[in-house]
Amino acid sequence: MESTFRAAQVEQVTISPVPEGARRGRARGLFPIWFGVQIMPLTLVTGVLGTTVYDLPTGWAILAIVIGNLVGAVFVSLHSVQGPRLGVPQMVQSRGQFGLRGSLLVLAVVILMYVGFLASILVLAASALQVIAPKLGSVAALILSGAITLALVIFGYEMIHKVNRMLMPLFALAAVATLGCVMASGAPESATSTPSFTVQGFMGMLSVAAIWQLSYAPYVSDYSRYLPSRVSSAASFWATYLGAAGGAIPMMVIGALLGRVSDGSLSALYHLLPTGVGVLVMIVFFLGSIDACTINLYGPALCVATTIQTFKHDWLPGARARATIATIISVLSVYVAAAFASDFLVSYSNFIEILLYLLIPWSVINLVDYYLIRKADYHVASFFTPTGGIYKHYNSAAIVSYIVGFLVQLPFMSGAFYTGFVAHKMGGVDIAWIVGSLVTVLVYTVLGRRQERTAMVSGVSPAAEATAA
């Protein structure tokens, strides 16, 4: 009863640190969050890309899906560990690497990511709703999906977590039923074309699967921060890893199989499923989409609040501010969703490619800083001071590393909008994010450690500053 009451209360904490006394739960509670959020049509559509856009044989598409998710989930799980330790949202924590105002560079990228994903998921939530209720118009379905999402986000973390736990068994059942039915349809053998393996297609699908996981990194600790600080880092890592990878892989595999026998749409999937089962699966997919939408609306609300607070230092936003910001973002996302719904697969594929190039340098900088340079030793109070505290307004080491990490990818990029000269010579194979990761690790490790040594010589460190405070 108490748990239900808490869930029905409007969350008051927004971007400020979660007090230790207000934290609760166990690391295993992260599993249903990151498993459940994968059981939605957008995950399935991401798998469809492997056998349609990249035109891979089913087996190779599945292998790329598995490898990409297993690699990408490592990044997101390492970010998740930071939440219980620091108690602040991921983007607030980025002030520790980029500085108070320097972090706005990353915030802009992440807000763009959120709106893109939210719009994409809203398109598919509306599609699932229209399969269930064919007489419902597309615009009405989008507005209804956006309104339900907004209502959940206004209540905040407790409501999102509660709904997620309740739907978890349905998500698992729908995934198993859908996979079984699609496999029983003889998907690979029913293909009308004879695709062949290409390195370009394989790396493309692997990269898409990896960025699918990495896209959760900018907000994964927004949820783990509600756990007590004593929670085991290993437990937080594995609960997030198994949930994120364990939910995404089967859904993308379903998509890859579906892409072999149809156009990959939800309508096509519905007609592959037995009568009755199809309706139930569409209902669960709609609920799963709403579940994912809440996370992709809650996150940008925090990011926008963080951006405003950067300039309005004495303002700590509460529930009303979060609700207002979320409403504006929701309306914008519904509009964007309506704009590119007609050419969804191509638009979504291009969006994913751009996102990968922009997110990789930030993720690497954040992880190197947390695990190798500062070793989780941050002065959280400095994140909220007008001057940026010991992290100042700008951190040149992180900003230079991010710019270098992005620019070094340009020759290796391969996409509809641009192909670098190295990628062109390699037959269109895209390894930009791999090169970007390695170079960013090297550059930031050198610059970050040099900066840390300078600070230590000056007698300033997070631990020393915190003690002095």
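Backbone N, Cα and C atoms are what each Cβ position is placed from, and that goes for glycine too.
Worth saying up front: this structure is predicted, and the values here are computed from it rather than measured.
Feature list (source: TrEMBL):
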- 33-54: transmembrane segment (TRANSMEM)
- 60-81: transmembrane segment (TRANSMEM)
- 102-133: transmembrane segment (TRANSMEM)
- 139-160: transmembrane segment (TRANSMEM)
- 167-187: transmembrane segment (TRANSMEM)
- 199-217: transmembrane segment (TRANSMEM)
- 238-259: transmembrane segment (TRANSMEM)
- 279-304: transmembrane segment (TRANSMEM)
- 325-348: transmembrane segment (TRANSMEM)
- 354-373: transmembrane segment (TRANSMEM)
- 394-419: transmembrane segment (TRANSMEM)
- 431-447: transmembrane segment (TRANSMEM)
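Same-chain neighbours of the transmembrane segment (354-373): 75, 78-79, 82, 90, 93-94, 96-98, 106, 109, 113, 116, 207-208, 210-211, 214-215, 217-218, 398, 401-402, 404-406, 409, 413, 415, 417, 432-433, 436-437, 440-441, 444-445, 448-449, 452, counting only residues six or more beyond its ends whose CB sits under 8 Å from a CB of the stretch. Within the same chain, the transmembrane segment (279-304) packs against the transmembrane segment (325-348): three or more Cβ pairs sit under 8 Å, each pair at least 6 residues apart.
Cβ atoms under 8 Å from those of the transmembrane segment (325-348) belong to residues 45, 48-49, 52-53, 114-116, 118-120, 122-123, 126, 138-139, 142-143, 146-147, 149-150, 153-154, 264, 297-298, 300-301, 304-305, 317, 416 of the same chain, restricted to positions at least 6 beyond its ends.
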